[in-house]
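The next block holds one structure in the form of structure tokens; read it before the comments.
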Amino acid sequence: MMKQKCSSKPRPHGCQQCDKSFTSSQLLRYHEKLHSGEGLNSCEDCGRQFIHLQTLRAHQRIHTGEKPFQCDQCDKAFSMQHNLIIHKRIHSGERPYQCQHCDKGFKSPSNFNKHQRIHSGDKPYSCEHCERSFSDPSAYREHKYIHTKERLYPCNQCKATFSSAASLRQHLRLHNSSKPFKCQYCEKSFISTAKRSLHEYVHTGEKPYSCEHCGKKFSDPSTCRRHRNSHSAAKQSVSAV
């Protein structure tokens with residue numbers, strides 16, 4: 001099994017317009033296009049912009065519902081080839097990304113990288129509007145829309161709009177009752193990877209959400225938020241005395 005180290009690569013190439021940094025000058029140049037807007041490819045359906053035309057074409061399948069990548073072992077189909085590759089590991093049992101700290105294995109690099117931050121405590125995604133930082137990029141994107149109020153992704157089956165493509169995809173599964181994300185430890189299935197991850201913490205015992213006031217850890221983010229609010233309420237009660 002291939003082992004992936006849980007240490008972050010150096011990022012010596014820093015953007016002069018924000019606090020992001022990158023492992024190569026090429027990645028930095030790609031990122032700088034997001035600031036300049038030069039050479040970007042725009043989606044005609046939602047206006048979202050992409051650096052690579054190939055990424056735009058893959059994104060457009062969210063709007064068309066096209067799923068050209070079919071699993072040869074079941075009836076699942078996917079809009080992107082890399083999702084099919086990860087899915088097929090359910091059948092093979094392969095988990096090529098293994099943590100060197102706890103030996104837990106993962107089917108996808110994104111889940112592996114997300115798990116790494118449990119050990120490192122790294123929160124590389126910083127909000128430019130407030131002081132909050134995030135370990136998960138999807139949580140960071142969702143948070144940003146609290147400030148901007150942007151909701152760029154409309155549902156083509158109802159009037160709902162969403163702040164991210166992931167939220168739209170999750171919503172669309174409510175229309176077709178799809179639960180494509182199966183727990184790797186039991187038979188339960190879920191409409192999103194986020195809901196599956198929360199469930200899997202029941203099996204692994206992981207508690208990635210911590211209270212910044214007292215250090216207590218939680219497996220569920222909503223429970224963690226309620227706990228943090230209890231600190232705020234206690235402070236208000238003391239100050240009112």
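The count begins at 1 with the first shown residue.
Just so you know, glycine gets a Cβ as well, placed from its N, Cα and C.
Annotated in TrEMBL:
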- 13-40: domain 'C2H2-type' (DOMAIN)
- 41-68: domain 'C2H2-type' (DOMAIN)
- 69-96: domain 'C2H2-type' (DOMAIN)
- 97-124: domain 'C2H2-type' (DOMAIN)
- 125-152: domain 'C2H2-type' (DOMAIN)
- 153-180: domain 'C2H2-type' (DOMAIN)
- 181-208: domain 'C2H2-type' (DOMAIN)
- 209-236: domain 'C2H2-type' (DOMAIN)
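By the Cβ criterion (under 8 Å, sequence separation of 6 or more), the domain 'C2H2-type' (181-208) is in contact with the domain 'C2H2-type' (97-124), since 3+ such pairs are found. Within its own chain, the domain 'C2H2-type' (153-180) has Cβ neighbours under 8 Å at 46, 48, 59, 62-63, 76, 138, 141-142, 145, 189-192, 194, counting only residues six or more beyond its boundaries. When Cβ-Cβ distances under 8 Å to the domain 'C2H2-type' (125-152) are tallied for each of 41-68, 69-96, 209-236, the top count falls to 41-68.
Taking H, G and I as helix, E and B as strand and the rest as coil, DSSP gives the domain 'C2H2-type' (181-208) the counts 12 helix, 4 strand, 12 coil.
Across the domain 'C2H2-type' (97-124), DSSP helix (H, G, I), strand (E, B) and coil residues number 12 helix, 4 strand, 12 coil. Same-chain neighbours of the domain 'C2H2-type' (209-236): 198, 201-202, counting only residues six or more beyond its ends whose CB sits under 8 Å from a CB of the stretch.
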